[in-house]
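Let me begin by presenting the structure, written as C-alpha cells, before commenting on it.
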Amino acid sequence: MGVLDIAFLVSALTIAAPILLAATGELIAQRAGVMNVGLEGVLLAGAFAGYLTMTRIDNQALGFLGGIAGGLLLAALMGVLAIEVKVDQIVAGIAIGVLGTGLTSFLDQHFVPEPRTFTPLPRLSVPLLSDVPVLGEVLFHQDLFIYVTVALVVLAGLAMYRTTWGINLAATGETPIAADAAGISVRGVRWAAVLIAGAFAGAAGAYISIGDVGVFREAMTGGRGYLAIAAVLFGSWRLRGLLAAVTIFAVTDAVQLRLQSLPTVPGEVWGVAALLVAVGVARSRRPRARLIGAAVLLGLVALAVLRPQLTLPASLWLAMPYVLALVALAAGRASRHRAPSALTVPYIRSEA
Amino acid sequence: MTAAAGLIRRDRGMPAWVGRVVTQLGVAAAALVVAALLLLVIGVSPVDAASAFWSGTFGSPTNAGTTLTQAVPLFLVALGWIVADKAGRMHVGFPGQVVTGGCAAAAVGLHSGGLPGVVAVVLCALAGIAGGALWAGIVAWLWASRGVLEIVSSLLLNLVALQTLAWLVRGPLQGSLDRQPQSANFPASALWPAVESVPGRTLSYDVILLPLLAAGLIWVFARTTFGFELRASGGNLEAARWSGINPVRQGVTAIVISGGLAGLAGAALLFAGSAPWLSEGFEAGIGFNGIAVALLARNSPVGAILTAIVFSSLNVGGTSLQALLDVPSSLASVLQGAVIVLVLVAAVLAHRRRRAAPIKMKELVA
C-alpha cells in the first residue's frame, strides 16, 4: 500500500480520537442550545491540568482525572456566563478561548519551569481480536483512551437518540419554552450538557498532552478545538455526520503528517482524494454540484495516473485539514437550517 | 415584545453615562484585583510590580512612545470589530486578517526600496488593507452565499493564515542572511515616519490614526446613509428589509471593511513597530485582544482609544515585568481574558438592574 499502510491508519486513529471525543461533547452542548466557541481553550485547560497533575503525582489515571477537572473548570465558567448570567455566548466563548490559552501558558511558565516528559499511554491488545491481520493491528492494539472514547461516543449516541433524556436535550435546544412547559428544567439540562462537554474536552486535552506525546507545550492543541466545532457544524448536529467529518479531518491530518517527510506527493493520495470526491458526487443531488464534482474527479484521476513530481511545503500541508474543513462546510447543504433553533439563545423565562 | 422592552429601556435618560463609567471603573478594579492575586500566587509583591509596570509603560518618553504606537494596531482591530458588530456580524477572523494584511504589506514593502518615502508608505498601507479585506472577503462570501457561520469559517481561516505565514517566511519572502524564518529588513524609506524628538524614535506618526479614525467612524455611523443602513441591518432584520435595505449586502460590506482595518493593523505592526521585518510571531495576539479592546469600550470608537492604550500598556508593561521581576509575560493575556469575562458580566448585571423598573411599565402597557 506504500504510504497508506498500517502505521498510517494507526496515526489517523490517534489523531481522530481526541477530536471525536471533544466534538461529541460539543454536540451534546449544542443540542441543548449552548455553543462554546472557546473549545480550544477548554482542550488546553485539560491538557495542562493533566500535565500539571502528572508533574506532581506521577499517575496516569490521576492525570486524566486532573485533565477532566481542568476542562470542567472552564466549562463551568462557560455555564455561569451562558446559562446563569445569560451573556452573548459567542463573546463568552472568545473569552474562554483567550483565558484558556493565557492561563495555561502563564501557569506552565510558573509551576513547571523545567519541561518534563512522561511515557505515553501503553497500548493494550484485545486477546484474539488483535491477531486479525491489518484490522486487528489497527483497531484492537490501541491505548485505553481510544477504547474508552469509542465506548463514550456509543453511549452518547444511545443517550441522545434512545432515551427520554435525549429527547429532553433536543427539546431544550429547539424550543426551550415548550420544554419548560413540559416540566423539563431547561437550566438543569443545559448545565448537564455543558459539563459533559467540559469533561469530554478535558479528557481529550489530557490525551493530547500526557496520553499521546507525554509533554505540554504552549497552545499545543493546535486548532483541534476549532476542528471539533467545525465537525459538529459539518455533521449538521447529528452524530453520524460528526463521525464522517472527524474521519475526513483525521485522515487528512495523518496524510499531511506522512507527506511532510516525503519529497513528492505520491499517486495514492490523489487516488484516495478521487474516491472521496466520487462518493460526494454520488450522494449529491444538485446538478451543478455534480458537474463541478465530476470535473474535480477527472482532474484527480489524471493526477493519480500521471503521478507528477509535485511538492508542497510542510506548512501548507499543515493548513490542509482546515482548508478541507472550510470546503466541507461550504459544500454542506445549507447546514444552518438544521441547527438547533435555540442555539446561542439564552432562555429567559419572563421573556418567553 | 423584546423590541418594546428595548424602547422602554432606552427611555431613561438620566444616569446612563454615570452608570457606564461606574461599571467601567468596577471592571478595572476587579481586573487589578485579579492581577494582584496572580502576582501573589507566584510570590511577587504587587507594589514592586506596579512600579516596574509604570516605569516600563509611561516612565520615560521612549517607553510612552512605544506604548502609544503599539496601541494603534489594537485600536484598528477594535474598530474592525465595532464595524462588523454594528452590522450584526460577529466574526473573529482578526488574527488571520492581521497576518494576511501584514504579509501583503511586507511583500510590497520589500520591493519598494526605490520609491519615494510617501509613495512607499501609502502603498504598504493600501496593500495591508487589501490583504486583510481579501481574507475577510472569503468569510463574507462563505456566510452570504454558502450559509457558513462566519465565526467558524473565520476561526479556521485564522489557522490557514498562520500556516501560510509560516510558509512565506521560510519560502518566497525568506530573506535574512542567517537563514532564520524571517524576511529581509524593510527598506528604510518604506518605514512609517516617527517623531524625531522622542529618544529612540519610538512614537510613530500613525498615532494620529487614533483620533482621526474614531471621529471618522462616528461621523459615518451618525451622519451617512451607509452608516445608517449598516446599523439597521445589525438591528431589526425585518425592519431593515422593509425599508429596502439588503442586510446581506451590508453584512458582507461590514465584514470586508473590518478585514481591511485588521489588515491595516498588520501593516502598522510591521512598519511602525520595533522589528522592521516579517516573522512568524509578528501578530502577537493583537487579533483577539483587539476584540477585548472593543468590548471594554462598549463598542464606542472614542472609548476604544483609551482601552487600546490600556491594553497596549498591559503588553508593554508585561514585557518589562518579565525582564525586571521574572513574571511570565503571559500574565497580560490572562488579564485580557479576565477583562472580557468581567465586561460581559458587568454589562449584564448593569442591564438587569436598569430593567427592574421598566418591568412594571410593561405590565401597565399589557
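In case you wondered, yes, glycine gets a Cβ from its N, Cα and C as well.
Listed features, source TrEMBL:
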| type | residues | note |
| --- | --- | --- |
| TRANSMEM | A:32-54 | transmembrane segment |
| TRANSMEM | A:61-83 | transmembrane segment |
| TRANSMEM | A:89-107 | transmembrane segment |
| TRANSMEM | A:144-161 | transmembrane segment |
| TRANSMEM | A:191-215 | transmembrane segment |
| TRANSMEM | A:227-252 | transmembrane segment |
| TRANSMEM | A:289-306 | transmembrane segment |
| TRANSMEM | A:312-331 | transmembrane segment |
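The stretches the transmembrane segment (A:191-215) and the transmembrane segment (A:312-331) do not meet in space: the count of Cβ pairs below 8 angstroms, excluding pairs fewer than 6 apart in sequence, stays at fewer than three.
In terms of C-beta pairs under 8 Å, the stretch of A:32-54, A:89-107, A:312-331 lying closest in packing to the transmembrane segment (A:61-83) is A:32-54. Listed by sequence, the residues of this chain that lie at least six past the ends of the transmembrane segment (A:32-54) yet keep a Cβ under 8 A from its Cβ atoms are 18, 22, 26, 60, 62-71, 73-75, 78-79, 82-83, 89-90, 92-101, 103-104, 107-108, 111-112, 116, 118, 169, 172-173, 176, 189-190, 192-194, 197-198, 201-206, 208-211, 215-216, 219-221, 223-226, 228-229, 340, 342-345, 347. Long-range contacts of the transmembrane segment (A:312-331) within the same chain, counting only residues at least 6 positions beyond its ends with a Cβ under 8 Å from a Cβ of the stretch, are 223, 226-227, 230-231, 233-234, 245, 248-249, 252-253, 255-256, 259-260, 265, 280, 289.
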